[in-house]
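Q: Copied straight from Swiss-Prot:
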{"type": "BINDING", "residues": "R138, R139, R178, S179, C180, D181, N189, H219, I220, Y221", "note": "dUMP binding site"}
{"type": "ACT_SITE", "residues": "C158", "note": "active site, nucleophile"}
{"type": "BINDING", "residues": "D181, A274", "note": "(6R)-5,10-methylene-5,6,7,8-tetrahydrofolate binding site"}
Amino acid sequence: MKARFDKIYKDIVDTIAEKGIWSEGNVRTKYADGTAAHYKSYIGYQFRLDNSDDEAHLITSRFAPSKAPIRELYWIWILQSNNVDVLNELGCKFWDEWKMQDGTIGKAYGYQIAQETFGQKSQLHYVINELKKNPNSRRIMTEIWIPNELSEMALTPCVHLTQWSVIGNKLYLEVRQRSCDVALGLVANVFQYSVLHKLVALECGLEPAEIIWNIHNMHIYDRHYDKLIEQVNRETFEPAKIKINNFKSIFDFKPDDIEIIDYKYGEKVSYEVAI
């Protein structure tokens, strides 16, 4: 059996290659050398990912880091922090390019998850409470796209909305992503949210079912394009397994509780970050 996410990932890249349109004119994103980072994009895409078993949703066509994405997940959702130094101490450098003078990323990501919601301590506490006490609700959501605070964020959120639904003791997660860097961001994000889905299911005594992922603008940057096309046409491998150790509560979760077993992958590929 091949890894499920490999096929989904190749379908995404193929869709952009076949139907996408290259950006023109001025673009916000730049490479470290100051060159404009143009991209080929496709608007409006959805995929569904079965997260019901112990398959780790890591691509196998190249090495996909697992530790740094989980540390970022922990920083945003459990620590509910926006302090880049705290993330660095965890061994993750994802946000170094966007660190503001006060050492934070402003009112973004963990700052918004930490906001009190309907009398609950945070958005995550609200989700957990509703799933346990009111599982039939269609209002179990988190949102970190806050219009009147966007100007105070180092970077506006890419993945910004989650919605959680229970049907027959099975937990479904829907994710909404406004902007998707396919070579780098998507690979980390899908793994992160597959783990979050499992953690919330464990906390609430539910079975994880599908993740429904909605992307508005998915794109491949010009300096990524040829390498990514080559990458997704490589041989892929049997999926790794994921194990969550020492689970007591989602609020006691630590990054080292995640164990990845038998991860096989192709030759490593490096991609420049577009800032």
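Backbone N, Cα and C atoms are what each Cβ position is placed from, and that goes for glycine too.
How about a rundown of where these features are and what they're close to?
A: Cβ environment of C180 (dUMP binding site): C158, L186, N189, I215, H216, N217, M218, H219 lie under 8 Å away, each six or more residues apart in the same chain.
DSSP gives D181 ((6R)-5,10-methylene-5,6,7,8-tetrahydrofolate binding site) a strand state.
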Q: Enter the number of other CB atoms within 10 angstroms of the CB of I220 (dUMP binding site).
A: 26
Q: Counting Cβ atoms within 10 Å of each candidate's own Cβ, which of the binding-site residues R138, R178 comes out highest?
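A: Its Cβ has the most other Cβ atoms within 10 Å: R178.
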Q: Are there residues of the same chain, six or more positions away from A274 ((6R)-5,10-methylene-5,6,7,8-tetrahydrofolate binding site), whose CB falls under 8 angstroms from its CB, and which are they?
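A: A274 ((6R)-5,10-methylene-5,6,7,8-tetrahydrofolate binding site) has long-range Cβ partners T29, K30, Y31, A37, Y39, D181, Y221, R223.
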Q: Give me the largest Cα to Cα distance among R138, R139, R178, S179, C180, D181, N189, H219, I220, Y221, the residues the record lists as binding dUMP, in Å as a whole number.
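A: Greatest Cα-Cα span of the listed binding residues: 37 Å.
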